[in-house]
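Taken from TrEMBL as is:
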- 19-105: domain '2Fe-2S ferredoxin-type' (DOMAIN)
- 57, 62, 65, 87: [2Fe-2S] cluster 1 binding site (BINDING)
- 127, 130, 163, 165: [2Fe-2S] cluster 2 binding site (BINDING)
- 257-442: domain 'FAD-binding PCMH-type' (DOMAIN)
- 285-292, 365, 375-379, 388, 432, 450: FAD binding site (BINDING)
- 796, 827, 941, 1108: Mo-molybdopterin binding site (BINDING)
- 831, 909, 943, 1039: substrate binding site (BINDING)
- 1297: active site, proton acceptor (ACT_SITE)
């Protein structure tokens, strides 16, 4: 190594390498010292106080960290503005650039940018954690385009940003005002439309009158502003320009260092790269860091030398020649897209078939932020078996040019380059120089294929590149050359060599298709236990893709007049490309105004803070220099005895400050929200992978993680229970969890002859990850040397955090304070599971007497904090020939995991909702919580109700199949009525389900929609549409009576402003906004005069968790109680004389020594349930809703999209219709994820390719929540009018959870489409379909000649439950 070091020194000194790194951030010059090569841009930005840029996942999959990078392209002589993921960008990679964060484009002090203003006013920010990322993606799009973007471009541009709250519709509407919809709006002409005061409607992009009514609620509309050449895109007079210094500054090669001896180089010339490669053969060449960043963060891969090759001219070549295109290895994917678009537009059609295919594939390649930085060469050299482009390079006869350290160039065919799993034909002394893509010849066709869990921004399950060159011989068309290449079916992208050989020289006709499929099915072999699983599905896709290719070529030749016979009209659906138009939404509601604020569509109180990045979350809290960072020591076994723990290596790890185990807990090591059957730190036995064994603290988050990973634990493995079925079969249940509800006599009914038919079956219900954008986080510190403990926590239940911490530290509750300002989404996942994390951090803080911060990485968060419970339901249903349900006998089991948590009340809720909205005379329901060796499952939006109702709707749909009727007929026939007595004894009052249902039928024009779908299905063999209408009923109240209480503190100040504190937590649902509206209306003052700062256990004690959708009812009523107390005290003063303002009245009261502070309290009246008799009044009232959905599926691939969603809900007189509609849309899209996209895959008997007990889907790379392109094309929400609710404050109704289940309309519409597909094969009987209805389940249910090669018509893809 000594000689190499000398060579390195000569190289650096001799070539004039620099150690000076300069960066501009929001217009401020920053000099970066040497030694920071290990940092990402995100870490740096947050370290310097720019916390608007968020850490959501750390792998470039959520977009929360999006910033805009600007640089001057020396070759193109133009400014470049592009969005990037700061979490993946190494700090030095943006040297010489101008980075603009959300703080740089606008704030409350100097004014909001129009993008920020528009998003805030359009209700596009709920929890707000993802908001800065969306703002910056849109900002970069506007700055990088001379012309306003189209609506389609806007939606495509946002595909790399995830939101869990809003359902995306208001975000799209907010940004739509910047789209080009009417040329006159974007010119300087003084046309009538642009010179008037009309505002621009966010839904249509055209002038409308809605602005006039909106202004009454404090809304300010922004008109689109044209592009300005001065500084990029001048949407704001204070727009930051590109720093002149960076334009004039000479770019130099860089030689820098990082932690742990990391060397980081940025060469400028190819020779520099070759010299470095000669010195360091193992060095990693990096461009976008999209792969290396993942390896180093999540796979603990360590690279000692990184060579950043973005500035090497020779590697950035993009030359269009006579024979094809030469593409430099460092060319970014976005650049390649732009060049290919130009080529496709300019060159002859027969030359560009491969260019078109690559261009189409790039549309679905990751998000825009990734494409902006990822390189062509990086994708090739990574050699991923699921690379989207490698099959196309191989199929297109591309050539790769490699150059060694001596400058010798050799050429390798793409087909010969890939040798094995992530192994390629490249020597240690070589690098990839360029790719040559030849033009296609006349009658040469290249086509791309890809199927993923989610269409946008997702890795492939299977992809392919196919090419066929045919020529005419004696009137026949003969295959002269062919390539069939697949990805996702082996350890590398592979050619179907036997199939290719068979095809050569064959005549292109229908008989060939039949013959070649028999060859192809034997050519691709995927073992049952192959990584990724889904062997039957993936093998079916290989045939489906070739079939599509064959049909496409046939169609193309027919259209061009070369084939006399083309495709039958019904077969054209096999080749129709997917093209998504822009989505549109509509909202309908009435205003029931009460006072100054209640009933008005006010924007979220924190919206302006959120769109500017000024809103603070737990991890944004400013901390003292002595704050330590924590990482958890986690079990790696599903069930095992701990034999020994060796922490010696951890204690010598850099930055280490402390390590604490079960023996170090000062108080009790046992905890739990209902039953304390969970250990804080596992002491002797671990019962799941991810169980916490201890905690390590160090000076940085990275050092804490590194130390935790060095703790060596020896185990003795024990038998593990890894599914509900295993638990049921072995009697593995949590103690005292059996529950039973009986109404009538189901057994007698089955035997009495009252039932014309009886069916029995099982329903599996999949779980769901919360995927709140803000990870679990907590900051704990001690006061008076541990006499008190304070914390700031991202939790829905500050009081539970207080209890847990007091319990483990053996402190009284009065000495523990938990504060929560806001959280970045919760959905139930921060109701109980946040508390043990806070407790773990508190142990370290208590011992060390120093602040400790813990922020879970996304993969750890998903692995250890639990999900929505999976369920197994076993039903027996009796019904008449008309479809009237007479009796139900149901057994249900939920997967509780390794501790009880709230699994019992979740099970009970499922049992209470197991009839949905249907009147069933005889019901018997039994349930039990299964003990399994998985992390404890927990609360999630709906709290068991969706699972219970989904089981119900499955057997409703089966009844319809048995009777040859539509499910909608069966549903309507069995509806509850006013006065119906439910199976748990409650009498229905104010039942509006029929009103909701009837309005929805009119709104969606159901009969015509059904007929249109039937007509479409008759005309299309390979694409099918389906429709469904589904109702819901959700009871409002905690089922535990004691939790239905709320406290609030209201304080009126002498300037007339009001401070409200209550026990509820703001997590994006608009709770603080609604409560403030109630206070404002009570005092008859503007909403702006009311402020809610935070939730704190030292202000309002003993608060229930913010859950059960009841918080607005509870805390709104408590605040109103406090306000009324104060008003009553003020009344005598107010009656003496008139006061010009509320502030004047307050001052008068103050002078009279009137108490202007009050504690309000509220309990939900008349609720209670006795399990001994199984009867009671569980709920204060019910929220009703119904939804219609229309979907279209590709029967050959399992792909689907939602064409229409129409929702009607009864929310009484809405406290804030804009917020309520946002909740409906957000819940619906989250529910859509549950029923159709989001699949949890655990290491169990069905997934042996996953390590036992481990969660495979532990990040956005493998777990897919809906993106902006998954929302319905037409998204309509209506609130039922004229139905006040007498049971809640100001006649309103709760909204958070009830709409979630309505997304099952999409699930049953998918099943309706599958029914049409199966009918083509003569299969008309009922079949099971599990949720989520992923492409695998859709494809395998659409039985055809392709699937029959690999699975029976009754095949049921495996599901972790």
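Here the Cβ of each residue, glycine as well, is placed from N, Cα and C on the backbone.
Comment: substrate site residues 831, 909, 943, 1039; largest CA to CA distance 16 Å, whole number. Counting other Cβ atoms within 10 Å of each Cβ, the binding-site residues 62, 65, 130, 285 show the lowest value at 285.
Sequence-ordered, the extra residues of this chain that approach the Mo-molybdopterin site, with Cβ no more than 8 Å from the Cβ center of 796, 827, 941, 1108, are 826, 828, 829, 831, 939, 940, 943, 1106, 1107, 1109, 1296, 1297. In the domain '2Fe-2S ferredoxin-type' (19-105), helix, strand and coil residues by DSSP number 15 helix, 31 strand, 41 coil.
Highlighted in sequence order, 902, 905, 906, 908, 939, 944, 945, 1038, 1107, 1108 have their Cβ within 8 Å of the centre of the Cβ atoms of 831, 909, 943, 1039, the residues recorded for substrate, and are not part of that set.
Proximity to residue 285 (FAD binding site), defined by a C-alpha to C-alpha distance within 10 angstroms, is shown by none of the binding-site residues 87, 163, 941. If you average pLDDT over the domain '2Fe-2S ferredoxin-type' (19-105) in this model, you get 96. The binding-site residues in question are 288, 378, and the one with the fewest Cβ neighbours inside 10 Å is 378. Sequence-distant neighbours of residue 291 (FAD binding site) (same chain, 6+ residues apart, CB-CB distance under 8 A): 378, 382. Here the CA atom of residue 1108 (Mo-molybdopterin binding site) lies 7 Å from the CA atom of the residue listed as 'active site, proton acceptor'. Under 8 Å, Cβ to Cβ, and six or more positions away along its own chain, residue 1108 (Mo-molybdopterin binding site) finds 943, 1036, 1037, 1038, 1043, 1297. Close to residue 827 (Mo-molybdopterin binding site), meaning Cα to Cα within 10 A, are none of the binding-site residues out of 57, 130, 432. The Cβ of residue 432 (FAD binding site) lies under 8 Å from the Cβ of 329, 377, 380, 381, 400, 401, 402, 426, each on the same chain and at least six residues away in sequence. The shortest Cα-Cα distance between residue 165 ([2Fe-2S] cluster 2 binding site) and any of the binding-site residues 62, 65, 1039 is the one to 62.
Counting only same-chain residues six or more apart in sequence, the Cβ atoms lying under 8 angstroms from the Cβ of residue 127 ([2Fe-2S] cluster 2 binding site) belong to 164, 165, 772, 773, 774, 822, 823, 824, 825, 1067, 1068. A Cβ within 8 Å of the Cβ centre of 57, 62, 65, 87, the residues given for [2Fe-2S] cluster 1, is found for these other residues of the same chain: 42, 54, 55, 56, 58, 59, 60, 61, 63, 64, 85, 88, 133, 858, 1260.
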